[in-house]
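J.: Have a look at the structure that comes next, please.
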There are 2 protein chains.
Amino acid sequence: MKSWIESANAPECHFPIQNLPYGAFRRADEAVRCGVAIGDQVLDLSVLEATGLIDAGSAPVFAQPTINAFMALGPTAWDSVREQLQSLLSHGGDDRLRGNDALRKRALVPMAEAELMLPIRIGGYTDFYAGKQHAFNVGTMFRGPENALPPNWLHIPIGYNGRASTVVVSGTDIRRPLGQMKAPDAAVPSFGPCKRLDIELEMGAIVGTPNRMGEPVTVAQADDMIFGYVLLNDWSARDIQAWEYVPLGPFQGKVFATSISPWVVTKAALAPFRVATPAREKELLPYLNEGGKPLLYDINLEVLMRPSGAKAATTLARTNYRNMYYSAAQQLAHHAVGGCKMETGDLLGSGTISGADKTGYGSLLEMSWGGKEPITLDSGEKRSFIEDGDTMTLTGWAAGDGYRIGFGECSGTILPSPKEPKW
Amino acid sequence: MKSWIESANAPECHFPIQNLPYGAFRRADEAVRCGVAIGDQVLDLSVLEATGLIDAGSAPVFAQPTINAFMALGPTAWDSVREQLQSLLSHGGDDRLRGNDALRKRALVPMAEAELMLPIRIGGYTDFYAGKQHAFNVGTMFRGPENALPPNWLHIPIGYNGRASTVVVSGTDIRRPLGQMKAPDAAVPSFGPCKRLDIELEMGAIVGTPNRMGEPVTVAQADDMIFGYVLLNDWSARDIQAWEYVPLGPFQGKVFATSISPWVVTKAALAPFRVATPAREKELLPYLNEGGKPLLYDINLEVLMRPSGAKAATTLARTNYRNMYYSAAQQLAHHAVGGCKMETGDLLGSGTISGADKTGYGSLLEMSWGGKEPITLDSGEKRSFIEDGDTMTLTGWAAGDGYRIGFGECSGTILPSPKEPKW
């Protein structure tokens, strides 16, 4: 399928007509509304809805600052709007947009002129730990290879509650956090700017439809509840995290910021790229059974770093989402099994996605092996962790036959710590 | 100060004119609106606001289903409305409410006819671990008395992100969660209803005004940001929690439900009961310094259990909020120190409040010492943990001279686990 918007047909374009990811944007001083990425354009869904070219089968949902209202309509509406959009945008389809100059000008906004906003209103953000290579790497550094994997790891898609208020959209600058830390050889803790600032390469799954409080869902139902996926960078202050995380888990080491990509790629767009989770090393309890369905996705992922002033970014890692041991549907089923109410707009981080070796590790902690083996960038500079002014970028795409289902980018530049107030 | 609403003047009444806690309520099929508790009545603030008897100095904020809009106005509005209400409700004050029969009938709703709702829209819920006796008790059970307190405990007000979507108001029934657990002597984990269901007696602090992302606040600023306090029951599934919590902290053991009391007691009402935190056992880093200000409160607390069918509840524990090692202001300052954005309506759980001995422990885990020493109820029944049909109630008050600043009750009855779906 090809679009009459030519930029969407380039083989490496992230946003062909097969993709149609949802986001929120504004131009100049206009109100924020919902849009879909197509080639190098943003299609203004509020305009299409107001003029009757698309109909979600409900009261208007797109003249809103997030896609939550649309997601809450559920799978029938998701499928219907996707079909309507593909018809309006494809060669030889519905001509009502293509053939109407004035409307086209109003409805298509060059992406370069659009300010992309956080696409979802996030009720709850939960971060998981489902990458086995990452868990093994980190466990090896902290506890040695014999005790690397916690005893529950092969039985539970381990997760913890994250902080929703500091989830920001790609492009938002990130302040290096201040915090409490303790060097291994120090007698007492100290306070100051984080010295071991890191990323975590993750995918984020977005809950489209809710369950009811007190009622579990099956893995199949959980998969049906998921609307789509984004790239997610779980910024991490390793020195703060190391001192705080026993016994109740990561807190100040993580809550200062989490970045996501602006376009939510739908489950429908990713359907051709479904793959099974790896073979189970221990049998899972029935509530986590996937019933033989492929619930992961074959998504190529990359991590890039560009130091301040450098001409180009250095690619630090290449890996794939299919490396995860648990799927987002399994994580969501586990999340709800005790009756936790999951809501439209909840965000589930996959956990750090690391490949089998150093070329595919999803954090600097792993790439530099705890800072012991600094990485050399293309510019010749060395890095163990992130320095002020560095821009970190995640990107990813599923590779179709002659097209890509792309996620765009998830990037952020590190600003120096704030000045300490007079305590 | 006395009120012309006579029920407010009884010495053991929780809601005298000195208190005036804020909540949300409805009568029959009416819309939810904001109210204040006074004696055995709820004063409908939306009526007073609409008729001009109170003015928060803003667009209307009380004809809304939560008190968030009012809280967001900040301390000047909080003080002003409190003063206006005390004038309208006191003997010898402003006669516009007392002297107007028709208005009084509309504005005063017997509490017995009001359905009390969740008073706040909670953006983020964070739970802390600031009770030293509780941390010592639990640590002793799990690791022995020498290693009871984690090494960071005297330096950090340890906290972790909780789940906001399942915070419910007192009176909401709680379903026993299903979940994954592993008996210490079992080879593999199992699945089923929680067998060690517990409470945690806590106070909840409610953030009234926000900070800015990326900017820390001092302890004094944090105290200014707090609007008020509620009772909080951090329901806990001990068997699920024990198997899951290493390495990333409590998750399914806690996310199924948290209950809070319906009335938010303001910082102003609690001002006469401020007390200092206990002497520091280790010097704190400057960012946690309280500057000699008393930031805890002298609040009597009780835990009660009533089995299904029992005529009366048994009081299981009596303790006091002043036992905490860290104040809510210190917890909030720690929470924001790395730049985490705190928002109007955020809820901070204090951590379990346990007194020095068994008569004052804030969880059944501690009272029954891990189930080894069952408790005998007044009815003769024994309990190690909570059984289906049991009602757990927290209550608390600060004792003034001839009056109480009360929190009412925070209660919940346990329903059996849901039937397992066909996995």
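Note: Cβ is positioned from N, Cα and C throughout, glycine not excepted.
Annotation source TrEMBL lists active site, proton acceptor at A:H134. Here TrEMBL flags A:D127, A:E200, A:E202, A:D234 as Ca(2+) binding site. Residues annotated as substrate binding site in TrEMBL: A:Y129, A:R143, A:Q241, A:Y245, A:T352. Per TrEMBL, Mg(2+) binding site is recorded for A:D234, A:K254, A:T258. Per TrEMBL, domain 'Fumarylacetoacetase N-terminal' is recorded for A:18-119. Among the features that TrEMBL reports, domain 'Fumarylacetoacetase-like C-terminal' is placed at A:126-413.
Set these features in their place in the structure for me.
T.: A:H134 (active site, proton acceptor) falls within a helix when secondary structure is assigned with DSSP.
When other Cβ atoms within 10 Å of the Cβ of A:D127 (Ca(2+) binding site) are tallied across all protein chains shown, the result is 28.
Following the DSSP three-state reduction, the secondary structure of A:Q241 (substrate binding site) is helix.
Cβ neighbour count for A:D234 (Ca(2+) binding site): 24 (other Cβ atoms within 10 Å of its Cβ, all protein chains included).
The DSSP breakdown of the domain 'Fumarylacetoacetase N-terminal' (A:18-119) into helical (H, G, I), extended (E, B) and coil residues amounts to 36 helix, 22 strand, 44 coil.
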J.: Return the residues near A:E200 (Ca(2+) binding site) by Cβ distance under 8 Å, restricted to its own chain and a separation of at least 6 in sequence.
T.: A:N233, A:D234, A:W235, A:S236, A:G351, A:T352, A:G362, A:S363
J.: Starting from the Cβ centroid of A:D234, A:K254, A:T258, the recorded Mg(2+) site, name every other residue in that chain with its Cβ within 8 Å, sequence order please.
T.: A:D127, A:G162, A:R163, A:E200, A:L232, A:N233, A:W235, A:S236, A:V255, A:A257, A:G349
J.: Which ones, out of the binding-site residues A:R143, A:E202, A:Q241, lie near enough to chain B that their C-beta is under 8 angstroms from one of its C-beta atoms?
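T.: Near chain B - Cβ to Cβ under 8 Å - we find none.
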J.: Based on Cα distances to A:D127 (Ca(2+) binding site), point out the closest of the recorded positions A:H134, A:Q241, A:Y245, A:T258.
T.: A:T258
J.: According to DSSP, does A:T258 (Mg(2+) binding site) fall in a helix, a strand, or coil?
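T.: The residue in question, A:T258 (Mg(2+) binding site), is strand (DSSP, three-state).
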J.: Cα of A:Y245 (substrate binding site) to Cα of A:H134 (active site, proton acceptor): how many Å, rounded?
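T.: About 17 Å separate the Cα atoms of these two residues.
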J.: Compute the C-alpha separation of A:Y129 (substrate binding site) from A:E202 (Ca(2+) binding site), stating it in Å without decimals.
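T.: With the alpha carbons as reference points, the distance is 10 Å.
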J.: Just counting, how many other CB atoms are there within 10 A of the CB of A:Y245 (substrate binding site)?
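T.: If we count other Cβ atoms within 10 Å of A:Y245 (substrate binding site), we arrive at 22.
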